[in-house]
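Asks: This is the structure, below, for whatever I ask next.
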Amino acid sequence: LAKHPEIKALMKPDYNLIWVVVLMVLAQLTAFYLVKDLDWKWVIFWAYVFGSCISHSMTLAIHEISHNSAFGNSKAMWNRWFGIFANLPLGLPYSISFKRYHMDHHRYLGGDGIDVDIPTNFEGWFFCTRFRKFIWIVLQPFFYAIRPLCINPKPITRLEIINLLAQLLFDVVIYYLWGLKSTFYMLAGSVLGLGLHPISGHFIAEHYMFLKGHETYSYYGPLNLLTFNVGYHNEHHDFPNIPGKSLPLVKKIAAEYYDNLPQYNSWIKVLYDFVMDDTISPYSRMKRQLKGEVKQD
């Protein structure tokens, strides 16, 4: 910032995010209707080919919203309510809890017992062979759901209860209106999209140490178009209050800080390398013992 103070001008909400999220919700509602009378094989096919992409993209829209990118920091509660709305087509309550834990990830990256992005000791111990690492990738949604309860459980808040009740009501309405196939499409798309899927390469690409001494990596490929530029991950951790839309400008303005860092060109290759490289496992993360006062949401 001292060298490039113009970056401060990028620290503002991305109001286009609001309309993109609304259109994504409408797209999924349309898909719920269209699959209700299809054969099961086509429901499964479209859940993976289309629904999974929209669902994973929506989780990253929720990531943006958790940083108050939709309405700005001055309207924090607007962002929380909008996150609950964006959560609806995922089928599983996610938005409010994600925000609470994700802020810890930014404040205390790698913090032992705080950052629930760090795999548990069991994950590192058990998923150590190529086949087991493949299964671990498939089961990533499961581990991301239960890991906070194992590492850093927090008291349930009123907003989390509202998130849960709103989601249950939405799911019941979808089942009542369009039946089991639409409900299955919704839930399967979320699980498949966060598991063995090209976009899921970002989970591993962001912080797994493929190179010693390099903890965070960026990806500058085309899948950023579906993921709100989450691939610009060094830039995001440097400036978490800048919306994803503007992160390419951060890299352009401060190119001398980012161009020479290790980076990825393919999230699919990241998944392949993670499975096939016997020196990489869920243990391949930087873990820190935190000192001093720790403040959590």
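Counting starts with 1 at the first residue shown.
In case you wondered, yes, glycine gets a Cβ from its N, Cα and C as well.
Curation plays no part in TrEMBL annotations; they are all automatic predictions.
Feature table excerpt (TrEMBL):
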- 17-35: transmembrane segment (TRANSMEM)
- 41-263: domain 'Fatty acid desaturase' (DOMAIN)
- 42-61: transmembrane segment (TRANSMEM)
- 81-98: transmembrane segment (TRANSMEM)
- 161-178: transmembrane segment (TRANSMEM)
- 184-205: transmembrane segment (TRANSMEM)
Asks: Rank 17-35, 42-61, 81-98, 184-205 by Cβ pairs under 8 Å to the transmembrane segment (161-178) and hand me the top one.
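Replies: Answer, by Cβ pair count: 81-98.
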Asks: Using Cβ atoms and a strict cutoff of less than 8 Å, what residues sit near the transmembrane segment (81-98) while being 6 or more residues removed from its termini?
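Replies: Non-local partners: 18, 21, 24-25, 28-29, 32, 54-55, 58-59, 61-63, 65-66, 70-71, 148, 157, 159-160, 162-164, 166-168, 170-171, 183, 186-187, 190.
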Asks: Please indicate, using numbers and ranges, the residues of the same chain that are 6 or more beyond the transmembrane segment (17-35) and have a C-beta under 8 Å from a C-beta there.
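Replies: Same-chain contacts beyond the flanks: 42-43, 46-47, 50-51, 54-55, 57-58, 61, 64-65, 69-71, 82, 85-86, 88-89, 174, 178, 181-182, 185-186, 228, 243, 245.
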